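Visitor: The structure under discussion is supplied below as structure tokens; questions concerning it will follow.
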């Protein structure tokens with residue numbers, strides 16, 4: 001039975017668990033990201049893998065910028081390749097089985113690192129292989145969450161991926177504090193080895209979760225898809241085939257997939273301009289790139305080194321503070337992204353982050369922080385305030401958008417391309433940051449500040465507001481020629497006067513108000529089910545029943561129609577609003593949008 005109701009829709013226990021279980025992939029990502037900053041400063045690791053003038057004294061050992069850059073960044077190269085391959089694996093094996101395979105790959109990479117004793121290249125190769133698993137997980141998890149989570153909770157549940165990333169970073173920092181005092185290789189091998197626990201947890205947990213209903217429908221398993229949707233809503237399995245909520249969502253998924261079957265979805269399709277596909281591919285890649293260019297990983301990868309240069313005696317403690325702020329504020333991000341949508345938080349967040357990066361860079365440039373305690377303190381405070389903004393906006397927000405922006409037929413591939421962009425910039429920043437900071441020091445912050453301003457502009461001019469909409473409605477919105485990014489918050493699906501109206505009608509349905517007055521008229525208005533009452537051969541107003549709730553001068557019928565198919569455009573039901581911005585438009589599968 002449902003655990004609770006939200007906006008009139010039942011939410012099952014499984015809906016919450018799938019977000020938490022799948023988000024363990026984010027924890028793996030965060031843990032692997034967070035550990036390397038501390039490991040590079042551990043005495044035994046430096047004695048084994050750095051260049052030393054006296055191999056008996058750790059303080060004489062230093063990593064060259066090339067060596068440290070490769071050890072840190074080869075994880076990112078692996079994640080880049082993993083993100084691209086992960087799309088094919090997720091489409092072929094299914095979202096759940098793909099995650100299991102990716103966890104095993106990650107564990108192989110960890111094993112290679114643990115068996116290294118004096119060859120730094122082996123550590124780097126191990127991180128590369130681990131990166132293959134992490135990259136594939138970073139593409140599969142948000143996609144699985146977005147495809148499986150109820151619309152009413154999709155933002156919050158998908159954002160748990162970012163929450164778990166921050167949790168993984170914080171846990172890595174905390175364990176690093178404890179293991180650094182251990183003698184010998186245990187100081188860093190225990191920190192790396194504990195990373196084997198989390199993929200094991202993901203493998204065990206995801207095996208008990210339902211497969212993505214959209215993947216099941218795309219592979220001809222509609223009955224199993226209905227059962228998966230029922231589990232998510234907390235509806236008894238025996239009612240899966242008759243429950244109206246299950247059937248409504250299943251019909252919407254099937255209708256969308258039927259329309260998309262006319263097109264084969266290859267990699268090249270991600271770059272075709274039809275149906276705003278190219279637009280969304282470039283948008284997703286841009287947003288993921290800009291997330292890296294916010295500068296957050298500058299602190300996460302090299303934070304201990306950065307604050308050591310500021311003059312902090314124990315830079316590990318500063319890392320813990322930053323990690324704690326990042327993790328704690330991400331809880332606020334779950335609320336912000338669900339309550340205020342996607343566009344507004346990202347715009348405000350970009351501006352906020354830019355301000356504090358300007359402060360950080362200006363303070364570090366104006367005066368040597370190693371000789372001024374007040375300047376060092378100001379830089380730490382500004383870094384924490386920057387992380388506060390990132391954790392509540394750009395951190396979780398971009399992963400939400402990657403899961404909900406793309407159409408079903410190319411979602412895996414477009415998500416992979418977007419995630420690959422993230423990892424490309426991740427690598428570039430991880431590898432070149434030592435060179436850049438050696439040359440321009442804290443003025444590096446000005447570069448990130450400018451990138452944050454650019455990110456705010458990209459969101460304002462190009463990103464559509466996708467909160468409160470089903471994935472299929474998001475696709476319709478992007479294809480509505482009257483809808484612009486800055487007006488997209490006012491867009492509503494056909495049959496609803498606004499998104500608020502959508503929520504209220506759903507609540508009314510749950511309150512057992514007359515279903516015919518809301519949902520049935522919406523369905524009639526959309527035109528997607530007219531063929532079930534009048535037959536698929538209807539081609540004009542005269543073929544409709546006398547009491548059909550449509551404007552007979554402007555009717556479109558046929559489930560698999562479209563702009564080029566016989567029939568008439570659905571304009572407006574006599575009793576319902578048109579949807580869209582000003583009126584309804586035909587979409588590619590016979591519905592008004």
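Backbone N, Cα and C atoms are what each Cβ position is placed from, and that goes for glycine too.
A TrEMBL annotation is a machine prediction, not a hand-curated record.
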Visitor: Pick from 316-337, 470-491, 492-513, 514-535: which stretch is listed in TrEMBL under transmembrane segment?
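Guide: Transmembrane segment, as annotated by TrEMBL, spans 316-337.
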Visitor: Any idea which of 188-206, 207-225, 226-244 is down as transmembrane segment in TrEMBL?
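Guide: Residues 188-206 are the ones TrEMBL records as transmembrane segment.
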Visitor: Scan 281-303, 442-464 against TrEMBL and say which stretch is down as transmembrane segment.
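Guide: Per TrEMBL, the stretch marked transmembrane segment is 442-464.
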Visitor: Going along the chain, which residues at least six beyond the ends of the transmembrane segment (346-366) come within the CB cut-off of under 8 Å?
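Guide: For the transmembrane segment (346-366), the nonlocal Cβ contacts are 294-295, 310, 375, 378-379, 382-383, 385-386, 389-390, 392-394, 397-398, 441-446, 448-450, 452-453, 455-456, 459-460, 463.
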Visitor: Would you mind listing the long-range same-chain contacts of the transmembrane segment (442-464), meaning Cβ under 8 Å and 6+ residues beyond its ends?
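Guide: Contacts with the transmembrane segment (442-464): 279, 283, 286-287, 290-291, 293-295, 298, 342-343, 346-351, 353-355, 357-358, 360-361, 363-365, 369, 379, 394, 401, 405, 433, 436, 474, 477-478, 483, 485-486, 488, 491.
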Visitor: Tell me, what is the mean pLDDT of the domain 'Major facilitator superfamily (MFS) profile' (18-467)?
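Guide: Result for the domain 'Major facilitator superfamily (MFS) profile' (18-467): average pLDDT 87.
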Visitor: If we call contact 3 or more Cβ pairs under 8 Å (sequence gap 6 or more), are the transmembrane segment (188-206) and the transmembrane segment (316-337) touching?
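Guide: No; fewer than 3 Cβ pairs under 8 Å.
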